[in-house]
Amino acid sequence: MSTHDSDNESGGGGELGLFSEPTDYYPPSPPPTTETYTTATGEIITLHLVGHSPLEAHHLWNGSRVISQLFESTPTTTVKNRTVCELGAGAGLPSLVASMLGASLVVCTDFPDPDLIATIQKNIDGCHLLPHDNDELNIVADGFVWGASPSTLLRHSPNGFDVLILADLLFRHSEHGNMIKTIRETLKRTREAKAYVVFCSYRPWLREKDLKFFDLCREDGFEVEQILEKKMDKKLFEEDPGDEEILKTVTGWVVSWPEKKWVA
């Protein structure tokens, strides 16, 4: 059984101590790994992953692949010339793709653990497809705790972000409130600003809890729209139990300000 099947739902918004165990509780962590993503033009992006992370950053999730493919298929209406921030980025694939497609700024974030942020930076430094403007990149790595003060993020883009990315984060049910708080505090107050929430229910029996996120968004005054559904060729973790069709299905949603709340 993969680690995400644990009943512990503590998420990115908690302190790292929540994941602590006695020194010899676990066997030694496995070494770092790599995954690849093939762009629509056939270019290969190599992604480094930490060997193990209680925050699940040692996987390249299907949601990251699917939102990256969406950006590639519709760059001018999703990320080009827009400010972008990814939450719980792991390897940061969607951020790299947004940068590659001409976003004006990309802030790629995960829990402020040195190994996680260093891995994101390594992927940024090693991606030959990223555009350079006077030798400067349009993408930065930064640490951020969901639900924390938005000042860390807003120092990069004081008016908020045109695009937020939440890829395969919803299994952290206890963190839904913190994720929504961060959306509320960092999504630019324009009608066009969008938070892309893309996920697969890797625990099919808890799918209703995953979907509760969108009920909470609506209760908080946001509009919610499902924009995609993609059936993968196979489930991400072969050993995972449950409905195989659910395990292979990735859905994408947009969370945005309703007309009465946005400010031009």
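The backbone N, Cα and C atoms fix where each Cβ goes, and this holds for glycine too.
Any TrEMBL annotation is an automated prediction that lacks curation.
Now, the feature entries from TrEMBL:
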type    : residues                                           : note
REGION  : 1-35                                               : region 'Disordered'
BINDING : Trp61, Gly88, Ala89, Gly90, Asp110, Trp146, Ala167 : S-adenosyl-L-methionine binding site
Among Gly88, Gly90, the most crowded of the binding-site residues [Cβ within 10 Å]: Gly90
Among Trp61, Gly88, Ala89, Gly90, Asp110, Trp146, Ala167, the record's S-adenosyl-L-methionine binders - longest CA distance, Å: 19
Neighbour count (Cβ, 10 Å) for Ala167 (S-adenosyl-L-methionine binding site): 29
